[in-house]
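S.K.: Okay, here's the structure, questions in a sec.
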C-alpha cells in the first residue's frame, strides 16, 4: 500500500475557486506573509517516504501514476488496479516551508473574517418574522453557532484524511464510491445554477435606496440597482481582474467595521441612547407574537429561520481549503476553529440584541432586508450622517457581490476546463482580457434570472432560502457518509481528526430537519411571505435532481451511443497545480485510446 500525496495548496480542482476566494478575499491579512515558496521537487519513493508526513489511506479508488520522462507531471487514472499501484517508483511531494505557514492567530482571523458576511445586516428581520419570538430568535442564533462547529468538525475529519482540494466533492466520492461521478455532477449543478449573487445584489439595491431616503420594498427599482451592481462586479472582473480583487479586498473591511459599530451602538441603545421610545422587546421575551406579518412559530417557521441563520454563518467550511497552509493543522484548527466560531456567534447574538434594543417588534418584522438601516435611524435619527451608515452597509454588500462573482466565475471556468459543461471550450475561455469573461457571464446570467424571476414584492428571504436549502441535502449526505466510514471496518477509515458520534448525529439530524420540514405547510397558511411555501424546497431539490439527470446522459446514454467511456485523469503540472480532466476513452474494438 502507498500513502496519498501531500497535495499542493493551490490546486485547480472543481471546487478550488472557493479556496481562491479565501486566499484573495483576505489578501489584506496575507500580504504580511512572505511570498509562496516554489514547491515542486521530486524524490525517489524509498527516500521520500521517510520525509512524508503521516497520511491516511482515504482515496476513493486505487490510483495509477504514469510517469512521463522529461515532464513534471503524473497522470492519475481512477480505473487503475491495485497491482498497478504497487509498481510506482517515484512520488512528487509538495510542501510549504514551516516558517511560511499560518499559525493559530492567523487561522482565527482567516475563518472569522470569511464567516462574517452581509447576512447579519439583512436576515434578522426574516428570522424574527418566522419565529415571532425574541427569545427563540436569539436561541436559534446560538444553535446556528453550535451547528456550525459540528459541521466544521465533520468537514475537518474528511479534510485532514483526504488532503485534496475539492471539499464536499471529494468527501462524497469517498463515502459513496458508486455511481462514479454522480456526486461531481450533482454538486456542479448546485454550484452553477444556485451559485448566484442575487441576494447580495438585492440587498445592495435596497440599502442604496434606503440611504437616499426611500424604503420601497423589493420592487423593480431595487432589483434594477442590484442588476447594475452585479453588472459592475462582473465587468470589472472581466476587464481589469486585478483591480476587481483589490476592490473587494478593501470593501471587505467595511462589513467588520459596520458589525462592530452595530454591537457597540446596541450597548448605547440598551443604556437609553436612542431616538425612539424603549421598545421593551425583552419583556416576556419568549412570547410568540401572532397576527399578520408573523410566522406564528411552528416547525416551518423554525426551519426557515434556521436556514437564514446558516446563510449568515456560511464560510466556515472553507477552512478545509487552506489545510495545506497551516502549521500542524490538527492542533491549529482544534484551537482556531472554536475560537473563530465562538467569536462570530457572540458578535451575531450581540448584533441581534442591538436590533431588539432599538427596533420595535412590528417594525422589525416588516423591515425586511434593511434591518441595519432601520437600526441606525432609530439610534441616530434622520440626520445626513445617520444616512451615511446604511451606505456603508451597501458598500459592504457590493464588496460581497465582487467576491462571490470572482469565486463562482472561476469555479464555472474550472468545471468547463474539466469538460463537465456543454460547450466547455467557450465557458473555459480567457478571451479577450485574459480573464474568465465567459464564466463571469454565466454567473451574471444566473444572478439576473434569480433577481427578476420572483414577482414584485419581498424577495430577499426567498432568494436566501433558495441559496441555502440545497446545501442542507449535501451536508446531510456528508455527515451520513462519515458515519458509514467510521462504523464500517472494511473501509479502514482513519483521520488525524476525530469527530465524536454525538456531534455527527446532531449535524446530520439538523440537516435532515432542514431538508424535510420546508415541505410541511406552515401553520394556518399555504403561503410564506408572499410565496407558496413549497417553491424553494422544490426548486432546490429539482436542481440537485437535474444534476443526476445530467450525470445519466453524460456517463451512460451518450457514451453508449458514441462507443466511449468517461475517465477522470488527475495530473500535476510543473508548478504543482492539480488539474483534473474528464476524458472520453473509446471502447470500440481495436481502439482503446482517448477520442477527445
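Using the three backbone atoms N, Cα and C, a Cβ is placed for every residue, glycine included.
Pasting the relevant annotations from TrEMBL:
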type	residues	note
REGION	40-63	region 'Disordered'
TRANSMEM	102-122	transmembrane segment
TRANSMEM	134-160	transmembrane segment
TRANSMEM	181-208	transmembrane segment
TRANSMEM	220-240	transmembrane segment
TRANSMEM	247-273	transmembrane segment
TRANSMEM	332-358	transmembrane segment
TRANSMEM	432-454	transmembrane segment
TRANSMEM	466-487	transmembrane segment
TRANSMEM	499-521	transmembrane segment
TRANSMEM	533-553	transmembrane segment
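Burial and contacts for the listed features, if you can.
M.R.: Only residues 6 or more beyond the boundaries of the transmembrane segment (102-122), in the same chain, are considered here, and those with a CB under 8 A from a CB of the stretch are 22, 25-26, 29, 33, 148, 199-200, 203, 252, 255-256, 258-259, 262, 308, 311-316, 318-319, 322, 325-327, 332-333, 335-337, 339-341, 343-344, 347-348, 351, 368-372, 393, 396-397, 400, 460, 464.
For the transmembrane segment (332-358), the residues of the chain that approach it from at least six positions outside its boundaries are 102-104, 107-109, 111-112, 115-116, 120, 124, 134, 137-138, 141-142, 144-145, 148-149, 152-153, 156, 259-260, 262-263, 265-267, 269-270, 274, 276, 279, 281-282, 312-313, 316, 319, 323, 326, 364, 371-372, 375, 378-379, 497, judged by C-beta separation under 8 angstroms.
Sequence-distant neighbours of the transmembrane segment (466-487) (same chain, 6+ residues past either end, Cβ-Cβ under 8 Å): 151, 154-155, 157-158, 168, 171-172, 174-176, 187, 190, 194, 196, 198-199, 307-308, 310-311, 314, 450, 493, 499, 501, 504-505, 507-508, 511-512, 514-515, 518, 536-537, 539-541, 543-544.
Long-range contacts of the transmembrane segment (533-553) within its own chain (CB-CB distance under 8 A, at least 6 residues past either end) are made by residues 179, 181-182, 184-190, 193-194, 300, 462, 465-466, 469-470, 473, 518-519, 521-522, 525-527.
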S.K.: I need to check the long-range neighbours of the transmembrane segment (220-240): which residues 6 or more away from its ends have a CB within less than 8 Å of a CB in the stretch?
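M.R.: Residues 197-198, 201-206, 208-209, 214, 247, 397-398, 401-402, 405-406, 409, 433, 435-437, 440-441, 443-444, 447-448, 451-452, 456, 459.
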S.K.: Which of 181-208, 247-273, 432-454, 499-521 has the most Cβ pairs closer than 8 Å to the transmembrane segment (134-160)?
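M.R.: The stretch with the most contacts is 499-521.
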S.K.: For the transmembrane segment (181-208), find every same-chain residue at least 6 residues outside the stretch whose CB is under 8 Å from a CB in it, and list them.
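M.R.: Sequence-distant neighbours of the transmembrane segment (181-208): 14-15, 118, 121-122, 168-169, 172-173, 218, 221-230, 233, 311, 368-370, 372-373, 390-391, 393-394, 397-398, 400-401, 404-405, 408, 411-412, 415, 420-421, 442-443, 446-447, 450-451, 459-460, 463-464, 466-467, 470-471, 474, 540, 543-544, 546-548, 550-551, 554-555, 566, 568, 582.
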